[in-house]
Amino acid sequence: MSVTKSTEGAVAVKLDLMSPPESAKKLENKDSTFLDESPSESPGLKKTKGITVIQALIHLVKGNMGTGILGLSLAVKNAGILMGPLSLLVMGLIACHCMHILVRCAQRFCKRLNKPFMDYGDTVMHGLEASPSAWLQNHAHWGVVEAVNSTTNNCHSNETVMLTPTMDSRLYMLSFLPFLVLLVLIRNLRILTIFSMLANISMLVSLVIITQYITQEIPDPSRLPLVASWKTYPLFFGTAIFSFESIGVVLPLENKMKNARHFPAILSLGMSIVTSLYISIGTLGYLRFGDDIKASISLNLPNCWLYQSVKLLYIAGILCTYALQFYVPAEIIIPFAISRVSTRWALPLDLSIRLAMVCLTCLLAVLIPRLDLVISLVGSVSSSALALIIPPLLEVSTFYSEGMSPLTIFKDALISILGFVGFVVGTYQALDELLKSGDSPLFSNSTTFLQ
């Protein structure tokens, strides 16, 4: 995050009075840009440059449009052809509502404390401090929270395909590591807008290709169950909430906008676009492939250049916006870490942490074979807490002293309970399936030969 510039003398005086973590944040960001005229800003802060409404919308859509959408068809299978789309719609509405709650709470604390901006961790921390519970007030620091090969030239399906092993796919993953390291060195959201735009274009093209294929020859939907077994529904919950979990980028985007008063409308528009795409792709994919749907819908596409280009487009899209996804955890971890060292070691420590975080994500991708279960597990563990459990409780702790209607308190409690139940059941089911899954493909990568 960034703050408006002040004179060097004023900065020096303020830093002497700040705690080490806050001082580090101010030092790191005092020369960056910040968008004022936010409802959460204090009067007297002067305007500086920031991202526009269109740029914020691009970042918001891209923040949601990751690999999660490719697994939603399997999620719909785990819920049922009727229950799945309805659950996605409800989950999208609840996720958008929780994002609005987070923005309102951050704005309220900015006004109370006369601060220019707040991130997710700061908002939760001040929410705990404002709660009536003395125990929560003493543990307010808990608020600092985080996280194509085998192609042919023919797209006909009546050919015999023989798979032979080629280079291990894990080596392909490692080959992208140097590019990811370079990308995470970009820390300016205005520059990242270019990459987000490229990623949105590439993913839009890939979704168009997927849609035009899955809408062909859709079988009779009556063979599909309206409601799936209750045992598989927790897997749906984890996958779906993983896809909707972009709440971490909401406050950074609002803080960086030129006029943050427009952000609630941008948030509603962006989440409406995302939810519509999720329901469409998830439902059509399950209708087209039925019980044969795989963990990623791209694995159901024919082995020809047109449909295999979907993978290439997604590779390009994810590669372009890795830095955007990296932005939030980096803003939480790095300022806290460099506040513990002298200025001389701040930059080396910053770069070391970035390198370590990138290597960790790459290592996890190499070591974990079951993408579908990992998505469900991560969604159940972290996404449910960040997107469903914490925001409603934060609203209660923020506005309870000002008076809240019993209906609002009941609504917040219901959403948090829903998130907690999904967290417990989804985590158990995903771990159970992950531990029981010992089967892996014979070859991790392959080349296609036609006969």
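Start at 1 and count along the chain as shown; that gives each residue its number.
Note: Cβ is positioned from N, Cα and C throughout, glycine not excepted.
Feature annotations, reproduced from TrEMBL:
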- 22-45: region 'Disordered' (REGION)
- 23-33: compositional bias 'Basic and acidic residues' (COMPBIAS)
- 50-430: domain 'Amino acid transporter transmembrane' (DOMAIN)
- 81-103: transmembrane segment (TRANSMEM)
- 193-215: transmembrane segment (TRANSMEM)
- 235-253: transmembrane segment (TRANSMEM)
- 265-289: transmembrane segment (TRANSMEM)
- 309-330: transmembrane segment (TRANSMEM)
- 351-368: transmembrane segment (TRANSMEM)
- 374-394: transmembrane segment (TRANSMEM)
- 414-431: transmembrane segment (TRANSMEM)
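Same-chain residues lying 6 or more positions outside the transmembrane segment (309-330) and placing a CB less than 8 Å from one of its CB atoms are 59, 62-63, 65-67, 70, 120, 146-148, 176, 179-180, 183-184, 186-187, 189, 192, 195-196, 198-200, 202-203, 205-206, 209-210, 248-249, 252, 298, 301, 353-354, 357-358. Where the transmembrane segment (235-253) meets the stretches 81-103, 193-215, 265-289, 351-368, 414-431, the count of C-beta pairs under 8 angstroms peaks at 81-103.
Packing against the transmembrane segment (81-103) from elsewhere in the chain are residues 72, 75, 120, 123, 221, 224-228, 233, 236-237, 240-241, 244-245, 247, 250-251, 254, 263-264, 267-268, 271-272, 274-275, 278-279, 282-283, 286-287, 387-388, 391-392, 394-395, 415, 418: each is 6 or more residues past its ends and has a CB under 8 Å from a CB in it. Among residues of the same chain six or more beyond the transmembrane segment (265-289), those with a C-beta under 8 A of the stretch's C-beta atoms are 53, 56-57, 60-61, 64-65, 69, 72-77, 81, 84-85, 88-89, 92-93, 95-96, 99-100, 103, 207, 210-211, 213-219, 221, 224, 240, 243-244, 250, 297, 300.
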